[in-house]
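What follows is one structure encoded as structure tokens, with my remarks underneath.
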Amino acid sequence: MEQTAGCPAVGGSYPQKNAEILSSQYGINLFLAGLLLTFAWAVHAVGISKSHLLSYLITLMLIQLLWMLWYLCRSCTQRRLIRDKDTHAGARWLKCGITLFAVITLILDSFKIGYYIDFSNCLSPTEGIFPVTHAVHTILQVYFLWCHAKDVIQSFKTLERFGVIHSVFTNLLLWTNGVLTESKHQLNEHKERLITLGFGNITIVLDDHAPQCNCTTTTLCSIFSQGIYYLYPFNIEYHILASTMLYVLWKNIGRKVEHHQQNKTLFKFRGITVGMIFGLIVLISTIAIVVVYLIQIGGSKIKSELALTMFYLHAIFVLALMCTAGIIALLIYRLEDRSLDNSKNPARKLDAELLVGTAAGSWLLSWGSILAIICAQGHPKYTWYNLPYSVLVIIEKYIQNLFIIESIHREEEKANDDIKTLRIVTISRGTTLSLTPLYKEIYNGRAACDSGDVPCLFKGSVRGRENDGTGVAKEETSQDNTLVMHSASDFSFGSGNSVTNNKRRILKNIAAFLFLCNLSLWIPPAFGCRPEYDNGLEEIVFGFEPWIIVVNLAMPFSIFYRMHSAASLFEVNCKT
């Protein structure tokens with residue numbers, strides 16, 4: 001009977017599993033078709049133009065818009081129903097971050113619209129339709145994620161799986177398009193810089209996709225064309241964040257959620273002053289280094305070498321500090337005896353996988369630089385700084401990944417059962433001691449009611465009654481009729497709490513410092529400060545085209561790693 005009763009449940013899981021497999025395969029094929037189309041445009045394949053790529057992306061965005069509108073309308077009609085929510089998905093700070101990137105993306109779309117208007121005589125209409133569609137898509141998608149990122153979908157599951165996975169891979173293709181466009185711009189600048197470093201033997205052929213007509217307003221065209229490339233890093237981060245949030249939504253479809261209350265994690269500046277100060281110093285110095293680097297690089301051979309040396313020395317110092325901070329945090333964790341939370345959590349699992357997966361991009365570049373330094377016959381002085389820099393990049397990400405993954409998997413600290421809240425003990429004339437709960441216990445939310453004798457320590461003076469043996473009570477003079485007492489266990493565990501609070505304060509400062517350091521290290525590659533391009537030594541060893549392909553493939557993952565690490569460290573700081 002038990003086996004028969006269990007059969008429908010097992011059989012009922014097959015359609016949903018098939019739907020998950022079918023939807024994932026649909027998304028992968030959708031992505032591969034778009035990826036091949038993007039690659040064909042990048043290499044100037046015969047018969048493939050930019051309008052074909054944009055038409056494909058516009059179609060995908062319109063389909064996603066229709067699905068989101070349908071989902072929002074259905075949600076409005078069923079708004080009175082109680083839906084399951086994944087409390088770990090779609091954190092408020094993550095929504096705020098994606099909203100910021102979305103706003104800058106809308107500015108980018110407005111620049112593209114202005115650019116199209118100025119070059120409308122020789123540009124395809126799809127280049128004007130694309131930014132308009134993308135702007136509408138961005139606004140609706142951000143609203144959708146704000147309202148429904150935590151949803152655990154339990155109805156129309158097969159249809160919703162296809163809709164969500166379509167949205168995931170649409171954002172990934174938009175991310176790929178942004179990465180490619182920005183990389184082509186960086187590559188053109190890189191080829192021009194190599195001449196100033198003395199690598200004249202490398203063939204310089206600029207990959208130009210500029211319109212073949214004159215601009216109607218020269219000044220505006222220059223502002224739009226230059227401004228677009230400075231805004232692309234934010235557009236890239238927006239789409240990758242959106243795809244990760246949508247992926248968690250897809251994984252949650254049909255999931256059975258354990259209904260338990262989750263403590264809200266709030267960010268507080270209190271207690272992290274030291275970490276914030278050092279982190280802000282790193283952030284400000286990094287911005288200054290990037291500005292000087294972009295001004296000096298390509299000016300002359302001497303200026304370019306000085307810019308590279310300055311970048312490497314600054315990065316080595318920052319990475320060494322980050323390694324030290326990470327090691328201290330891991331040592332503190334080793335001193336604590338706290339178990340890990342191994343419960344099913346798609347958001348947390350995705351965070352850990354993204355950290356390790358995207359770190360591989362930086363590791364690939366670092367090992368390439370190390371191999372180039374070892375194998376190269378000639379070594380300009382500035383290239384030697386690349387060796388400790390590459391080694392520290394590998395070590396720092398290894399340590400930081402350990403710290404973040406362990407932090408997000410650690411169980412939240414619970415109150416010790418022996419530590420009680422304050423009681424009021426009233427000693428009234430001719431009565432026994434009566435215990436009255438003053439506060440609710442902090443962690444379990446129940447009133448503190450203990451039976452039996454409670455050892456108490458008196459604070460202040462006591463007004464009591466003494467029997468002198470003749471039945472006459474002697475009153476001790478006092479000003480109060482009630483007194484506040486602590487449970488004896490409060491004091492026995494007081495020193496332990498002090499040590500725990502100190503450890504927590506150190507961990508919060510380390511998380512805050514690493515958060516700002518990762519934001520700082522995101523800025524240089526995102527805004528064109530890329531020594532992997534400008535060093536020149538790797539191009540000699542591996543060849544120009546092979547190394548550039550490696551850099552273009554690995555760099556987007558390296559950039560995303562820093563932003564994702566910053567987001568994870570922000571969460572660690574809130575939880576600690």
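Using N, Cα and C of the backbone, Cβ positions are placed for all residues, glycine too.
Remote same-chain partners of the transmembrane segment (26-47), defined as residues 6 or more beyond its termini with a Cβ less than 8 Å from a stretch Cβ, comprise 53, 56-57, 60, 162, 165-166, 168-170, 172-173, 176-177, 180, 184. Per TrEMBL, the feature transmembrane segment maps to 26-47 (among others).
Summarising the annotation, TrEMBL assigns transmembrane segment to 53-72 (among others).
Sequence annotations record features per position, and here TrEMBL assigns transmembrane segment to 93-117 (among others).
Annotation comment: TrEMBL describes 129-146 (among others) as transmembrane segment. Residues 54, 57-58, 61-62, 64-65, 68-69, 71-72, 90, 95, 98-99, 102, 105-106, 109-110, 112-113, 116, 167, 174, 238, 242, 245-246 of the same chain, all 6+ positions outside the transmembrane segment (129-146), place their C-beta atoms under 8 angstroms from a C-beta of that stretch.
The transmembrane segment annotation in TrEMBL covers 158-176 (among others). Residues 15-16, 19-20, 22-24, 26-28, 30-31, 34-35, 38, 57, 60-61, 63-64, 67-68, 70-71, 134, 141, 236, 239-240, 242-243, 246-247, 249-250, 253, 556 of the same chain sit 6 or more residues outside the transmembrane segment (158-176) yet have a Cβ under 8 Å from a Cβ within it.
The transmembrane segment annotation in TrEMBL covers 229-250 (among others). Beyond the ends of the transmembrane segment (229-250), by six or more residues, the same chain brings 23, 86, 89-90, 94, 97-98, 100-102, 104-105, 107-108, 111, 138, 141, 145, 148-149, 151, 153, 161, 164-165, 167-169, 171-172, 174-175, 178-179, 181-182, 185, 346-347, 350, 354, 526-527, 556, 559-560, 563 to within a C-beta distance below 8 angstroms of the stretch.
Look at TrEMBL and you will find 271-295 (among others) tagged as transmembrane segment. With a threshold of 8 Å between CB atoms, the same-chain residues lying at least 6 positions outside the transmembrane segment (271-295) that come near it are 307, 310-311, 314, 318, 321, 505, 508-517, 519-521, 523-524, 527-529, 573.
For the transmembrane segment (311-333), the list of distant contacts is 278, 282, 285-286, 289, 293, 382, 385-386, 388-389, 392-393, 395-396, 399-400, 402-403, 406, 410, 503, 506-507, 510-511, 513-514, 517, 520-521, 524, 529, 531: same-chain residues at least six beyond its ends, Cβ to Cβ under 8 Å. Annotated transmembrane segment per TrEMBL: 311-333 (among others), in sequence order.
The transmembrane segment annotation in TrEMBL covers 354-374 (among others).
Annotated transmembrane segment per TrEMBL: 386-405 (among others), in sequence order. Listed by sequence, the residues of this chain that lie at least six past the ends of the transmembrane segment (386-405) yet keep a Cβ under 8 A from its Cβ atoms are 312, 315-316, 319-320, 322-323, 326-327, 329-330, 333, 351-352, 355-356, 359, 362-363, 365-367, 369-370, 373, 514, 531, 535, 537, 561, 565, 568-569, 572.
When Cβ-Cβ distances below 8 Å are used as the criterion, the transmembrane segment (510-528) is approached by residues 186, 189, 230, 233, 272, 274-276, 278-280, 282-283, 286-287, 289-290, 293-294, 311, 315, 318, 321-322, 325-326, 328-329, 400, 403, 407, 555, 558-559, 562-563, 565-566, 569-570, 572-573, 576 of the same chain, each at least six residues removed from its ends. Among the features that TrEMBL reports, transmembrane segment is placed at 510-528 (among others).
As annotated by TrEMBL, transmembrane segment applies to 540-561 (among others). Distant neighbours of the transmembrane segment (540-561): 175, 179, 183, 187, 190, 199, 202-203, 233, 236-237, 240, 354-355, 357-362, 364-365, 368, 371-372, 375-376, 397, 522, 525-526, 530, 532-533; these residues of the same chain sit at least 6 beyond its ends, with a Cβ under 8 Å from one of its Cβ atoms.
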